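Notes follow once the structure below has been shown.
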Amino acid sequence: MKILKAIEENNIKYLNKIEKIPNKPLKKDKDKKSILHFAIEKQASQEMIHLLIEKGIDINSKTNLNQTALHFACEHQNPSFETIKLLIEKGIDINAKTDLNQTALHFACENPNTSFETIKLLIEKGIDINSKIDHYERNALHFICENPNLSFETIKLLIEKGIDINSKTNLNQTTLDILCENPNSSFDIIKLLIEKGIDINSKTKDKRTAFTFCL
């Protein structure tokens, strides 16, 4: 498809000649991605993404796993704050969920390359910070606490914005349990969770406490 080639080559001139962008899944794509998903994957320029939206692309189109372009942008190995901001400004459903109930915030908190500014933006724009994914029952705080690049400022922000600090996974793990198991955690983060009232004596399904995860 010539449109896809134009996106890869950032050929704005070609795209400007198109009256309306087709709203249908890409041919031969098993995930049923749209042209917008493709553009996000290829890290298209802000001008290109803006033009696709202006030309009528469905900003809320979903893949066969119910992922929107915002999910794609937040899980990208090089997430772009400006792209995420643009999608939100153009009206993408910030609380859209995948088949596993994942929001863009779950992807952002799991991604080791996500910036503090991106997570702050998602929260400020009204994303549900207490949403849990199916089966594992993890919220955004669980994800950030197991992230290899976990951030004190991000954890502090989530707590300040009202995330359930004592929320438990399907294995009855609190964020403190996960944090104590993470080799990249710090004393300051553990201290913060305790000061904010996390249950230090909570037990997992196999009767372990946070202390045993630290051993």
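Each residue, glycine too, has its Cβ placed from N, Cα and C.
What TrEMBL says about a protein is an automatic prediction, not a curated fact.
Small disclaimer: the values here were computed from a predicted structure and weren't measured.
Quick look at what TrEMBL lists:
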REPEAT    31-64  repeat 'ANK'
REPEAT    65-99  repeat 'ANK'
REPEAT    100-134  repeat 'ANK'
REPEAT    136-170  repeat 'ANK'
Number of helical, extended and coil residues in the repeat 'ANK' (65-99), per DSSP: 16 helix, 0 strand, 19 coil
For the repeat 'ANK' (100-134), residues assigned helix / strand / coil by DSSP: 16 helix, 0 strand, 19 coil
The repeat 'ANK' (31-64): DSSP-derived helix, strand, coil residue counts: 16 helix, 0 strand, 18 coil
